[in-house]
Amino acid sequence: MRVWCCVVFMISTISTGVLLPTPQNKEEKETYDRHYWYSQAEQTLQKRLHYAPENNPIAKNIILVVGDGMSLTTSTAARILKGQRKGQFGEDTDLAWDTFPAVALAKTYNIDAQTGESSACATALLCGVKAHYETLGLDVGGKFNNCASAINSKVPSLIDWAHSAGKSSGIVTTARVTHATPAALYAHAPSRYWEDDSRVSPVVRRDCKDIALQLVENEPGKSINVIMGGGRRHFLPTVTLDPEKPNREGRRLDGRNLAEDWVRDKRKKLLRAKYITSKEQLNKIDPHHIDYLLGLFEYSHLNFNVDRGTVINSEDETGTSSTKKIDDPSLADMTRTALSIIKKNEKGFFLFIEGGKIDHAHHYNNPYRALDETLELETALLTALERVNIAETLVVVTADHGHVMTFGGQRTPRGHPILGADVEVSDIDGLRYTTLLYGNGPGHSEPRSLPVNVTNSFSSPDALHESAVPKQWATHGGEDVPVYALGPMATILFTGVVEQSYIPHAIAYAACLAHQSRRCMKTNYTEPKKKSQGCAASEVSSVSVEETSNERTRSRSLVVASSVMSDERINRSSGRYHMSCHFAIHYITFFCINWFSNIMNKA
């Protein structure tokens with residue numbers, strides 16, 4: 001009887017194991033809030049620290065260089081143009097960042113957009129979380145044009161983190177200082193277009209300040225040491241005429257002159273500050289007697305580099321024309337002055353340098369200006385490199401997103417003009433085509449046509465190159481963008497393909513900022529253990545993640561192997577339960593079979 005009972009039990013347990021549903025490793029639905037992106041950045045960081053040496057250097061200073069819209073194709077073409085301007089072939093020429101020892105690729109999609117948009121990309125790049133299309137400095141809770149959604153969705157930026165470490169800070173850009181990319185460093189807005197109060201609904205102006213007002217009144221904006229770029233119109237009231245363009249007035253409806261308010265606030269605090277509007281004033285700045293500098297050199301964006309020093313006829317919205325000499329400072333001029341001021345801080349500095357006009361030229365299908373602005377950005381970087389100690393300065397060069405410019409040809413010889421047409425004609429319509437083309441934009445024409453003297457025509461700064469699809473403005477590109485790095489921990493942190501939101505966390509780790517400052521607290525933090533040399537196993541990282549919801553805070557430990565997608569989540573408790581049952585069934589089955597065999601042998 002006992003024998004049959006054992007047989008029945010064995011069969012039932014085996015059946016139970018067979019009939020139990022196979023555990024499904026379904027991917028959990030993610031909320032994509034700030035904790036998700038912080039967690040993902042930490043996982044990526046730990047993977048790269050796996051083989052890092054024990055004693056890692058600390059970056060005292062940080063220089064983040066952003067080419068707005070500087071795709072990999074843009075960088076390649078600019079490299080060739082640089083060489084050809086020197087009478088060389090160009091293909092073997094190096095840009096400054098080409099010589100950096102560390103290179104990575106960053107994914108530029110937004111939470112709700114496949115192709116990245118500037119303000120959302122800037123939020124990822126500068127705040128460490130991905131955001132909704134056209135929102136600024138907000139996490140997933142921020143919704144476009146919705147003031148209420150912004151109140152509890154604000155996220156800190158690299159400048160916040162730098163200030164908390166006692167560092168000085170600076171922003172220099174060829175765009176408006178309130179524009180999408182630089183504004184992500186200090187502002188939180190449900191719309192990137194809220195650059196002044198005229199764009200904000202009167203109903204919500206009390207609860208949601210415009211971007212320019214945040215720069216002057218809120219942290220971290222009002223504590224930034226150097227701010228230089230364009231955009232005076234967003235700081236001046238409608239009753240005030242622009243100092244350089246007297247036929248234009250400010251756009252503010254609250255009657256405030258924010259530039260004057262900025263100076264007044266600094267003087268009230270007995271801080272040495274100055275507001276300037278011209279290159280001439282910039283050249284007279286004595287960094288030994290200035291600690292805060294606001295430079296607004298244009299009514300809107302600064303002009304293109306190729307147009308500086310020229311005399312143009314401009315026309316305002318009312319049709320009134322005027323003659324003006326463009327004499328904006330170069331990006332290198334602003335970088336030089338900014339560094340001379342913020343370098344005085346013994347605790348270090350954070351400097352943001354943006355080539356904002358690369359993007360504008362690409363939107364016009366105008367590669368001449370896009371490449372020239374890229375070389376202007378390189379000049380600014382070289383100016384900075386001459387003035388810092390690389391042993392204690394982390395330099396990162398990247399883009400917020402790409403563009404739809406392509407580069408190609410058939411049997412195109414070495415040294416062929418990068419802005420010219422290919423040596424071959426189309427085998428469809430028999431017409432020539434430029435090696436630099438656009439996927440869409442204003443360069444489209446039907447039927448397709450090219451000037452007779454193609455080389456000279458397309459070497460003109462005003463030349464538009466062909467596009468496949470007609471649009472008033474070319475769109476952004478959705479491809480990954482390169483990330484070049486030099487300085488402390490660059491070769492460890494900036495490798496492989498990463499989320500764009502990882503970059504500020506990696507910078508924070510190198511400089512021991514904010515949530516990454518624990519690296520410098522030797523008594524409270526232990527560096528990740530290093531594997532011994534030999535056959536490399538799958539990379540595994542373990543990180544404790546604090547996830548806060550509206551109702552409670554919960555802690556979970558994640559272990560992600562290199563063979564697993566970084567955004568994949570496994571129900572680990574369910575897996576452990578089924579594994580335990582599986583082993584128990586096998587053990588009972590094995591015991592019963594052996595016991596049954598012994599009984600039968602004795603019989």
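A Cβ is built for glycine as well, from the same backbone N, Cα and C atoms used for every other residue.
Annotated in TrEMBL:
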type	residues	note
ACT_SITE	Ser118	active site, phosphoserine intermediate
BINDING	Asp68, His179, Thr181, Glu354	Mg(2+) binding site
BINDING	Asp68, Asp359, His363, Asp400, His401, His476	Zn(2+) binding site
SIGNAL	1-17	signal peptide
For Glu354 (Mg(2+) binding site) and His401 (Zn(2+) binding site), determine the Cα separation and express it in whole Å. 13
May I have the list of same-chain residues other than Asp68, His179, Thr181, Glu354 whose Cβ is within 8 Å of the Cβ centroid of the recorded Mg(2+) site, in sequence order? Val66, Ser118, Ala122, Thr173, Ala175, Ala180, Pro182, Gly355, Gly356, Asp359, Asp400
Taking Thr181 (Mg(2+) binding site) as the reference, which of Asp359, His363, Asp400, His476 (the binding-site residues) have a CA within 10 A of its CA? Asp400
Could you tell me which of these recorded positions, Ser118, Thr181, has the fewest other Cβ atoms within 10 Å of its Cβ? Ser118
Same-chain residues six or more away whose CB lies under 8 A from the CB of Asp359 (Zn(2+) binding site)? Asp68, Gly69, Ser118, His403
Whole-Å Cα distance, His363 (Zn(2+) binding site) to His179 (Mg(2+) binding site), is 16
Measuring Cα to Cα, how many angstrom lie between His179 (Mg(2+) binding site) and Asp400 (Zn(2+) binding site)? 13
What is the one among the binding-site residues Glu354, Asp400 whose Cβ has the most other Cβ atoms less than or equal to 10 Å away? Asp400
